[in-house]
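Feature annotations, courtesy of TrEMBL:
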- 70-367: domain 'D-isomer specific 2-hydroxyacid dehydrogenase catalytic' (DOMAIN)
- Ile129, Asn153: substrate binding site (BINDING)
- Thr154, 208-209, Asp228, 263-267, Asn289, Asp315, 339-342: NAD(+) binding site (BINDING)
- 163-341: domain 'D-isomer specific 2-hydroxyacid dehydrogenase NAD-binding' (DOMAIN)
- Arg291: site 'Important for catalytic activity' (SITE)
- His339: site 'Important for catalytic activity' (SITE)
Amino acid sequence: MAMRRAASVIGARALSSTRVSCPSLLSRDLHASPGSKKIVGVFYKANEYAAMNPNFLGCAENALGIREWLESQGHQYIVTDDKDGPDCELDKHIPDLHVLISTPFHPAYVTAERIKRAKNLQLLLTAGIGSDHVDLKAAAEAGLTVAEVTGSNTVSVAEDELMRILILVRNFVPGHHQVINGEWNVAAIAHRAYDLEGKTVGTVGAGRIGRLLLQRLKPFNCNLLYHDRLKMDPELEKEIGAKFEEDVDKMLPKCDIVVINMPLTEKTKGMFNKERIAKLKKGVLIVNNARGAIMDTQAIVDACSSGHIAGYSGDVWNPQPAPKDHPWRYMPNHAMTPHTSGTTIDAQLRYAAGTKDMLERYFKGEEFPAQNYIVKEGQLASQYR
C-alpha cells in the first residue's frame, strides 16, 4: 500500500524539512504491500528467567508476546539474540527480511552495509526508545522507515537516574561491598557520603526523561539546572524550579551532579572528552543512562582514577553487550550495571504494546503516531539532526 504523505513538521519532534536526496526513495514502499512478511526480532536471551514472569515480554523467548498474533496473520516471525559477527543468525535473514525489530538493551547494529544487503527491508522498529543502533543516514537514503515506541520507558529511566544519583551521593556501593565481604568500616563510607539537598544538579538534555527527572528531584530541594536545544514552557519551568542554561560549558562547572539525557548523534558522540571533563568540578558525580558513546571511554576511566570524577554510574556502554575487558568494569568509583533502566516489566508491557500497534498500522498502510517516527520519507527527526 502506498503510504500517505506526511507534513514536513510532525508534532513536537519535527522532522527535518531538508530531505536526503536519493532516488531509491521511490523504490521502497514505506508501508506493507499485500502478502506474508518476514519479521525478525532481536532480543536478549532470558534462559531460566523467561518463565518466571508472564509479563517478561522483552526477552527472546517471549518475543514481545506477538508471535501467535503474527503467525495467525500468515507472517513469518524469526527471533534471535545472535546479532554480531559475519556468521551470526541475524545476518542469515538480512537479505529477505521485511521488518527488523530490535531494542536498545540488546541492539542489532544496522549498518549501511546491512541496509545495502537488505533488499526487501521496509521498516526498522525499536522496541523502546533510542534508535542510534541504526545508521540513520543510510536508512534515510534507502527510503526506509525507522520508528520507536516514544514514551514507553521514560518513567523507568527517570526513576533509575534518581536512584543512581542517590547511590553515588551516599557512597552506597562500597558499603554494600563491605557487607558482602564480611567487613565493617563506617569511616571508609562516611568520609565521602553527602546529602542530596542543596546540591546543584544539571541535566544535559531535558526532553521527556530529563523533565521527569527534574520533577522527581524537586522535593529534594536541589538547585536544578538544565541545558537543551529547546527551552521549557515558562509555566513548567517555574513549576519544576529549574533554570535554563543556554551554554552547556557554562552550566557544567556549576554542577555537583551531571546527568546525561540526550540522544547519541554525530554531534554528541564523544562529547564528554578529556577537555570537557577537565572543566567539571573536581569531585563531580556523573549519571549516564543515555548512551555510552557520548563519553570518551578512556577519559572517563582516567578521571575516575584521578578522583576528578568522584563517582560515575549508568547502564549504557559502548558497545553493548560490554566485553569482559571493558575498562569501565574495573575503574574505581563506579556504580555501573548492564543496560536495564528502560526494560522494567512495566516498560516491557508498554513497548510491546506500542510495537504491536505499529505493526498493525504497517500492515494496514496507516500512519504511526507522529512522535514515533525517527526516519520517514528521507527525513530525520529533529533530535537526530
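Here, residue 1 is simply the first one shown, and the rest follow in order.
Quick reminder: no glycine exception, Cβ is built from N, Cα and C everywhere.
When the Cα atoms are compared, Thr340 (NAD(+) binding site) and Asn153 (substrate binding site) turn out to be 11 Å apart. Within the set of binding-site residues Asn153, Thr154, Ile209, Asp315, the entry lying nearest in space to His339 (site 'Important for catalytic activity') is Asp315 (CA atoms). Residue with the densest Cβ environment among the binding-site residues Pro263, Gly342: Gly342, by other Cβ atoms within 10 Å. The recorded positions recorded for this entry are Ile129, Asn153, Arg291, and the Cα of Arg291 lies nearest to that of Lys267 (NAD(+) binding site). For the pair Ile209 (NAD(+) binding site) and Arg291 (site 'Important for catalytic activity'), the C-alpha distance works out to 13 angstrom.
The binding-site residues recorded for this entry are Thr265, Asp315, Gly342, and the Cα of Gly342 lies nearest to that of Asn153 (substrate binding site). Cβ-based crowding with a 10 Å cutoff singles out Asn153 as the top-ranked of the binding-site residues Asn153, Thr340. Mean model confidence for the domain 'D-isomer specific 2-hydroxyacid dehydrogenase NAD-binding' (163-341) is a pLDDT of 97. Of the listed binding-site residues, namely Ile129, Ile209, the sparsest Cβ surroundings within 10 Å are found at Ile129. Neighbours of Arg291 (site 'Important for catalytic activity') among the binding-site residues Ile129, Pro263, Asp315, defined as a Cα within 10 Å of its Cα, are Pro263, Asp315. The local packing around His339 (site 'Important for catalytic activity'), expressed as other Cβ atoms within 10 Å of its Cβ over all shown chains, amounts to 23.
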